[in-house]
Amino acid sequence: MRLLIFALFAWLCHCTQLVNLVLELDEDQDQRAFVDRYRPLLSESYKCFELGKIKLCHGAFNLNFVKSAYFDKAVKRISLDRSVQISDVEEFAPKHLVRISQLGTVNRRQLMDYTYEPGAGSNVSAYVVDTGIKIDHPDFSARARLGASLVQDNLYGDPNGHGTAVAGVIGSETFGVSKQCVLVDYRVFNESGTGQLSTVLEALKLIHDHETPGVVLLAMVTERNEIFHSALSQLADRGFAIVSAAGNFNSSACLYSPAAFESGLTVGSIETHGDNLGFFTNWGDCVDVFGDGINVATLSPMAERVTQKSGTSMSAAIAAGLVATYMSMNDTSVEALAKVRNLAETGSIPSHNFLYRSGTPNRILNNYGGKLGQILNS
């Protein structure tokens, strides 16, 4: 298999002269010594850094480097620097909030109330790795700040809208689950909502090295990638809660990253009027729980506008808000993720949804009507 993969990379290099790769080095390998050994073969574009205990390098490499690296025991894993994209589908009382604070499906004629914990999310940060956030949006009430922008396009804020939308679901005054959390913008995607795995990894390094543990929302998807998972393990070990979108391909979430990362929370989509699975949602035993993901009302980068978006990104943002709420109640990241799974409403998704979707859980996000603190202390 390793020879077959090498042949593929060799063919790519032959066709394009250079190929963009991400390498994970063995933990015992000195990074500087590795660079010195291959310096004659390295282009000016390469970059190496440490993320927790793992050592990563990425850049555009030629065939000679690829040939040497693939048979070097110092290289633990090697991957194409894959394209990563947001998990978006399409563009009032916010029904996503109503659904998580009640048991049972949303009736179109019912009172649309959202009950939540006082001070939900206070002293907890949610790190939004996405297209950017309009941090001065009035509905964030001065609780949003810039972490870093890693996209070299001279655009600022959120030129796409996806990052502001998911941030609005996590923690805005009007549409947010966790209305007191701090929202931190790590921009990794361009105006069209695409980027590279290496850029996401650099954002994760910054969060790991410089931020206080909180919840990290990864409302994105790429092909399953073990280097991505290694990086996420470093954040999880430091106390960050990883929440990921299941993806919007109506297939097994286990085929994609970060959805297949085992130590995080992976969230699929339902529609709240009937609790059926969204037509697009990924499924399977890599999904932990489902939440509203169809026509979810949230914020637009244009401050005067409200938008509606669909996709597992929105469902994951709801879950991230719940995780932030539980962490603000002094739960660790592990405890908060377990609480979201264990306190989810079970059995409400109609059984016909699971035909040909083996291993898919029948669990829907729920906050126990904002009375969880009372329940746990009673």
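Cβ coordinates are placed from backbone N, Cα and C, and glycine is handled just like the others.
According to TrEMBL, the feature signal peptide maps to 1-15. Look at TrEMBL and you will find 122-332 tagged as domain 'Peptidase S8/S53'. Taken from TrEMBL, the feature active site, charge relay system applies to D130, H162, S313.
Looking just at the domain 'Peptidase S8/S53' (122-332), the mean pLDDT is 96. For the active-site residues shown (H162, S313), fewest C-beta neighbours within 10 angstroms: H162. Following the DSSP three-state reduction, the secondary structure of D130 (active site, charge relay system) is strand.
DSSP assigns H162 (active site, charge relay system) to a helix.
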